[in-house]
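According to TrEMBL, the protein has these features:
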- L105, T106, F133, P134, S135, D136, D218, H221, Y243, W273, N301: pyridoxal 5'-phosphate binding site (BINDING)
- K244: N6-(pyridoxal phosphate)lysine (MOD_RES)
Amino acid sequence: MTDPFSEAGAHALDAADPLRALRDEFLIPRHGGVEQAYFCGNSLGLQPKGARAHVEEVLDKWATEAVEGHFTGQAQWMPYHELVRDPLAEVVGALPSEVVAMNSLTTNLHLMMVSFYQPTIERTAILVEAGSFPSDRYAVESQLKYRGLPPKHTLIEVEPDNADGTFSMEAIERAIRDNGQRLALVLWPGVQYRTGQAFDLAEIARIAHDVGAIAGFDLAHAVGNLPLRLHDSGADFAVWCHYKYLNAGPGAVAGCFVHERHARTQRPRFAGWWGHEPDTRFRMGPEFVPTPGADGWQLSNPPILGLAPLRASLDLFARAGMPALRAKSERLTGYLEALIDARLRDALQVVTPRNPAQRGCQLSLRVAGGRERGRALFEFLGTHGIVGDWREPDVIRISPAPLYNTHADVLRFARAVEHWRAS
Ligand SMILES: *Cc1c(COP(=O)(O)O)cnc(C)c1O
């Protein structure tokens, strides 16, 4: 049998990959004439070749139809966001009426907190993970201040209980139950960006609801990475971006989920005309009548050029299907983990949970020897066309994306680390 850690072995694994053709649907950047080993889909996914045609379609329509483009021909702009609704609902496991592509992640998080963070005399607190993504933390803290509540008393940050910086479910449950009476909102990541740990969202939503709190999720690192079942999870809301694993381009229009049970909610919201019920929107009346479902949180007519590339990416997700992508992802990340265990244990420590059920495609790798060694390795990789990303003080994140990465890419990474270590 071929050694799976040899070049021939990696190529044999790639030849047996039922999704191997999808790589050809992406533009892979080059380094010194050779395709990069690109592991940075957790930050910016690669460009689907189909994206350009969708963008050009919008530019051409604008050139030839101008204002008429809103209502005429193919891919009309008025209902343009509806073009992504069904495939997006499929990717996140939601009803089509529960999802909408709009704004940016942080904007959507604010809009959701305006509606779903409703502090009362008894319940004022928001519970988040310690070390949450800065934008989320800024958003939460500013919401608390906006309501006149001092974050010192109302922001609960749960510390990880494991030495590697990950959380046990028991620690999360304890934190929610211990603060149950005063919790208004539990806001938790689907996959923690630093450690790559994935969480049982249904269980967290269940516990949050059990104590009478709202459950909201930030799925920036989970969407397109893990098969999600948002509707069944019972989450009240969720937000995510589309430029990471969803490959929709820098600053792409983001996503938002509002559970069906809130489709006709009377909760307050920040309103705009695009959230108005579409049949009567253009009567331009003074009274806001929200569209039932997630669409009712839209503010403005969307940036059509920012939505266009998402269509190309969602086509690829629909073609592959999340179950097959996840199966490949487990194989690919498992291969990376096995290579590290077999050959690189002295150089790299895997911070991400070892249990595949508790992670997506990303492995966070702590470089032995501290920050300077880590930086040196990171730069060495860069000069060899291997693209991961760096997290202070000593972690390199490597995220093999099942849509376009190969076992050969992963082997190339491991080989490069070996060379660096020997140098
Ligand atoms: C990537 C990411 C963001 C980015 O926010 P934008 O509003 O899209 O700029 C926010 N939160 C988390 C957890 C992220 O991973």
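Placement of Cβ uses the backbone N, Cα and C atoms for every residue, glycine included.
TrEMBL feature annotations superimposed on the structure.
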| residue | record | CB count, 10 Å |
| --- | --- | --- |
| L105 | pyridoxal 5'-phosphate binding site | 23 |
| F133 | pyridoxal 5'-phosphate binding site | 19 |
| S135 | pyridoxal 5'-phosphate binding site | 14 |
| D218 | pyridoxal 5'-phosphate binding site | 30 |
| Y243 | pyridoxal 5'-phosphate binding site | 24 |
| K244 | N6-(pyridoxal phosphate)lysine | 26 |
| N301 | pyridoxal 5'-phosphate binding site | 14 |
So which of L105, F133, N301, listed as binding-site residues, have a Cβ under 6 Å from an atom of ligand 1? L105, F133
Cα-to-Cα gap, S135 (pyridoxal 5'-phosphate binding site) vs K244 (N6-(pyridoxal phosphate)lysine), nearest whole Å: 16
How big is the Cα-to-Cα gap, in Å, between F133 (pyridoxal 5'-phosphate binding site) and K244 (N6-(pyridoxal phosphate)lysine)? 14
For F133 (pyridoxal 5'-phosphate binding site), the three-state DSSP class is coil
Measuring Cα to Cα, how many angstrom lie between L105 (pyridoxal 5'-phosphate binding site) and K244 (N6-(pyridoxal phosphate)lysine)? 12
